[in-house]
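Visitor: Straight out of TrEMBL:
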SITE      Y3  site 'Interaction with substrate rRNA'
BINDING   H18, H41, S106, E124, D149, G150, D170  S-adenosyl-L-methionine binding site
ACT_SITE  D170  active site, proton acceptor
Amino acid sequence: MNYRHAYHAGNFADVVKHVILSRIVEYLKRKEQAFRVIDTHAGIGLYDLRGTEADKTGEWTGGIGRVIDAVQKGQVEPQAMELLAPYLEAVHTVNPKGGLRHYPGSPLLTRHLLRKQDRLSALELHPQDAAKLARLFAGDIQVRVIELDGWLSLGAHVPPKEKRGLILVDPPFEKEGEFDRLVDGLVKAYRRFPGGTYAFWYPVKERKETERFSKRLRETGIAKIMQIELAIRAPSPDPRLDGTGMIVINPPYTLESEMQILLPCLTKLLGEEKGSNFSVQWIRGETDRT
Ligand code: SAM
């Protein structure tokens, strides 16, 4: 396991992923009943944007750096600002002195959004990262940090005992076959917990690969599969992270319209050139007749 998220924390892909995550959690809070978020590849939870790793790549300057800059200059439309508020609040909370020094990863963002009755299970396989995450949440009875292969949790921890919740799967994509693992993992978990919401992150690098992924997802027969993508540039000739994608199974009914407000705004902020674009489509949905 060579992947270290500290090099990429707060980049454009993190921003889009975390904004989607925040909208799903906010929707779950509309009902009083408790829910659980299971974060299968959690990372360390809090990132120092001026630390050695983040400094080396500077990726966050093209992500959260641009968003905060636009917010401070009042360049974000009110409707988008309203939807971004829970996410931005979490970013502000980890920067109590103002400015932008720290960035919350998915477990810390989720934790910030939970109510008293809600729970988070955060899995991380890298021993040092899992230890850091455990220290971050030490004494917090709403959070369970588990050093374990996140793929196993799709069988072991699903369904959650709350019977409501979100499963976030955000693997590093450092190995071959990660797209197939996503589909296989999803099928396994969905069989056990068909009422859950699932958010699966994937990189947009090679068109052929994502088309094959979409086809396999369609073939699972799962009824509601939404695909959200944002590309910061036109496809590069050599594989490069040109965009970010999220598959959402059983999305909140509000998500599509929220994305139609948020994605144009985020594309404008995060896009590097003319070829930037976004899409929200149903791989299989209620309107799907296939
Ligand atoms: N979800 C995090 C966030 O949004 O802040 C970032 C996660 S990062 C993309 C992927 C993480 O998965 C890394 O911290 C890596 O150590 C961890 N990891 C790699 N393989 C894993 C596995 N099989 N199970 C659990 N964690 C794994």
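Backbone N, Cα and C atoms are what each Cβ position is placed from, and that goes for glycine too.
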Visitor: Can you check which residues sit near E124 (S-adenosyl-L-methionine binding site), meaning Cβ under 8 Å from its Cβ, same chain, 6 or more apart in sequence, and list them in order?
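Guide: For E124 (S-adenosyl-L-methionine binding site), the qualifying residues are H41, A42, G43, I44, A130, L133, V145, I146, E147, G150.
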Visitor: Can you figure out which of H18, S106, D170 (the binding-site residues) comes closest in space to Y3 (site 'Interaction with substrate rRNA'), comparing Cα atoms?
Guide: D170
Visitor: Give me the non-local Cβ neighbours of H18 (S-adenosyl-L-methionine binding site): same chain, 6+ apart in sequence, Cβ-Cβ under 8 Å, ordered along the sequence.
Guide: Y87, P104, S106, L109
Visitor: Among residues H18, H41, S106, E124, D149, G150, D170 annotated as binding S-adenosyl-L-methionine, what is the maximum Cα-Cα distance? Answer in Å.
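Guide: Greatest Cα-Cα span of the listed binding residues: 22 Å.
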Visitor: Just checking, which of D149, D170 (binding-site residues) has the fewest C-beta atoms within 10 Å of its C-beta?
Guide: D149
Visitor: For a quick check of packing: other C-beta atoms within 10 Å of the C-beta of G150 (S-adenosyl-L-methionine binding site), how many?
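Guide: Step by step: centre on the Cβ of G150 (S-adenosyl-L-methionine binding site), count other Cβ atoms within 10 Å, giving 23.
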Visitor: Indicate whether H18 (S-adenosyl-L-methionine binding site) is helix, strand or coil by DSSP.
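Guide: The residue in question, H18 (S-adenosyl-L-methionine binding site), is helix (DSSP, three-state).
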